[in-house]
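K.L.:
The following block contains the structure, expressed as structure tokens.
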Amino acid sequence: MAIDRRREAAGGGPGRQLAPTEENGSLPPGDAAASAPLGGRAGLGGGAEIQPLPPLHPGGGPHPSCCSAAAAPSLLLLDYDGSVLPFLGGLGGGYQKTLVLLTWIPALFIGFSQFSDSFLLDQPNFWCRGAGKGTELAGVTTSGRWGDTGNWTSLPTTPFSTVPWEAAGNRSNSSGADGGYTPPLPSPPDKGDNASNCDCHAWDYGIRAGLVQNVVSKWDLVCDNAWKVHIAKFSLLVGLIFGYLITGCIADWVGRRPVLLFSIIFILIFGLTVALSVNVTMFSTLRFFEGFCLAGIILTLYALRIELCPPGKRFMITMVASFVAMAGQFLMPGLAALCRDWQVLQALIICPFLLMLLYWSIFPESLRWLMATQQFESAKRLILHFTQKNCVSPESDIKGVMPELEKELSRRPKKVCIVKVVGTRNLWKNIVVLCVNSLTGYGIHHCFARSMMGHEVKVPLLENFYADYYTTASIALVSCLAMCLVVRFLGRRGGLLLFMILTALASLLQLGLLNLIGKYSQHPDSGMSDSVKDKFSIAFSIVGMFASHAVGSLSVFFCAEITPTVIRCGGLGLVLASAGFGMLTAPIIELHNQKGYFLHHIIFACCTLICIICILLLPESRDQNLPENISNGEHYTRQPLLPHKKGEQPLLLTNAELKDYSGLHDAAAAGDTLPEGATANGMKAM
């Protein structure tokens, strides 16, 4: 071709590899040396295209213009999914299957801990001791809802607490309360009546969560002390947020295994001490540290699970762990009914983590992380351990992984912190987009849950604690099942976009259409009533809870795939912490007596529209090898969501097509060597 002739005339050979341009989202020429291509296959929906391998020097090594032996290790060792993992037998090896199973089992214990607040801190029904339960029914309508007069029956403060007096469960007695408080009411009663009713010094409780006594009844956290319940809820969530951020950075620096083991040890200490709390202040403080340690366990297990799997198995392995955690959510009411006391329940939730102490001797460090951080001495020992467990013969090392590893044993480790992502071109944008998606998904989930099970919806089925609890759990289960199908056909980016669109539609219709129905229902000839509005509200809420749960879960998984191994835990920590901030909005709204709830919903509805646009900027990671270093992560570039039609000219050139134009700059510099009338596409017709 004419371009090849000009390239040779400009001093370049036919094997010369030119740096990719920055317009396609790739690295500038100075950073291309550290890049290690992954060689993954593009997804069916037009996935991210990984940069090709740099040409090899005739001597067998990388081209001297691209990299040097002192700058980067062998490309074979950095291609973990393409060379190291097949040598170890992939996921077919018996030892790898055992390790994956060991990451699934703790998900059940994690499910118990994550949903324990619904039982430990459930706001029970309460009345003044000696006044009698019937006395307190004066302010309740026949449907079990609030009447016009003030009363002191506890109103639920969580989506799982809506129940009439007639559905009250076990009764518990407590004394010593020196203050009074009325829980959040749609219409606050008269302050004078409230003050007189709060003069009670002893309370009787009707706990609906299967317990005889919980934290609220233990320390009389009602009336003026009820705000301490919200602080106790804050403590676990804030502990999770700080735990995700801090343990993620530590896991990228010292390894996944030490963080996992130390988190197990300290969650046993703090979790069991929570059961021995003597006051609510001690309880809240210890719950913060329990959440901190729980975050370390969740994050490291998630990363280890991802790093053990080949590209085609990552999503299903992760979803199995989610189903196991949901099993813990479904079993939690039975566990509470069996324990009867909150202290026994707390101890029973934490004690299974004792079994994880055995992981010190049976669970190894992540081999992928050792290879990515160039800790080849430890990686060699672990590879030999894997081959011994899997009975792999050294003759199966067709690509020569072990000989290459022997040459790199003297190399110093190279560890990276998550702050390095600030200097990247594409990677930080991807992580920020997923953080916003995670925050929006988990934040708006509470809005839909309150709309479905809030006080304004009068549906008998949703007036029972267990009905509320299992309805929410069932929606989450159906959401995960739908995720499995959608991601299989549409990929990660397409599935995330679909669920975000459903979330936005459900939110906007609930905010706009229901107000329109409310206006028409005021006209007698409209044929619409409040019951129609309530049914629409429930329908939109179910769709919104279904889609928002999928958005949050898929955002976390997406981040684990596109974040390089050297900073994977740090990136996961950012997205999981964003999810924690979204969940934190629920107790904040409850603490402020539901003030600002409508604005809260509007803000998150606007965020869904922004997220829909930003999701289009993400790459597709389905069937792609995991990026090992930051340069690999930069090579995940945005591609069209839908594949090009046959014969259609794409708007964005691929990397292969860019090569045909990359010689034009050299040709312009050597313009004297070109014949007169030459153009980029050949000779100009005369």
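The backbone N, Cα and C atoms fix where each Cβ goes, glycine too.
Curation does not apply to TrEMBL; its annotations are automatic.
Grabbed the feature section from TrEMBL, which reads as follows:
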- 190-622: domain 'Major facilitator superfamily (MFS) profile' (DOMAIN)
- 1-38: region 'Disordered' (REGION)
- 171-193: region 'Disordered' (REGION)
- 234-254: transmembrane segment (TRANSMEM)
- 259-280: transmembrane segment (TRANSMEM)
- 286-304: transmembrane segment (TRANSMEM)
- 316-338: transmembrane segment (TRANSMEM)
- 344-363: transmembrane segment (TRANSMEM)
- 469-490: transmembrane segment (TRANSMEM)
- 497-518: transmembrane segment (TRANSMEM)
- 538-560: transmembrane segment (TRANSMEM)
- 572-591: transmembrane segment (TRANSMEM)
- 597-618: transmembrane segment (TRANSMEM)
K.L.:
Which sequence positions outside the transmembrane segment (538-560), separated from its termini by at least 6 residues, show Cβ-Cβ distances below 8 Å to it?
P.N.:
302-303, 306, 315, 318, 322, 430-431, 434, 437-438, 440-442, 444-445, 447-449, 451-452, 457, 459, 462, 472, 475-476, 478-480, 482-483, 486-487, 492-493, 495-496, 499-500, 502-503, 505-507, 509-510, 513-514, 568, 571-572, 574-576, 579, 582, 611, 618, 621
K.L.:
Who are the chain neighbours of the transmembrane segment (469-490) in space, where the CB to CB distance is under 8 Å and they lie at least 6 residues beyond its ends?
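P.N.:
Long-range Cβ neighbours of the transmembrane segment (469-490): 45, 118, 159-160, 315-316, 319, 322-323, 326, 329-330, 333, 449, 452-453, 461-462, 497-499, 542, 545-547, 549-550, 553-554, 622.
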K.L.:
So which residues does the transmembrane segment (344-363) touch in its own chain, when a touch means Cβ under 8 Å and the partner is 6 or more beyond its ends?
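P.N.:
Hits for the transmembrane segment (344-363): 99, 102, 105-106, 108-109, 112-113, 116, 119-120, 211, 257, 260-261, 264-265, 267-268, 271-272, 274-275, 297, 304, 335-336.
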K.L.:
Mean pLDDT for the domain 'Major facilitator superfamily (MFS) profile' (190-622), rounded to an integer?
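P.N.:
Averaged over the domain 'Major facilitator superfamily (MFS) profile' (190-622), the predicted model reaches a pLDDT of 85.
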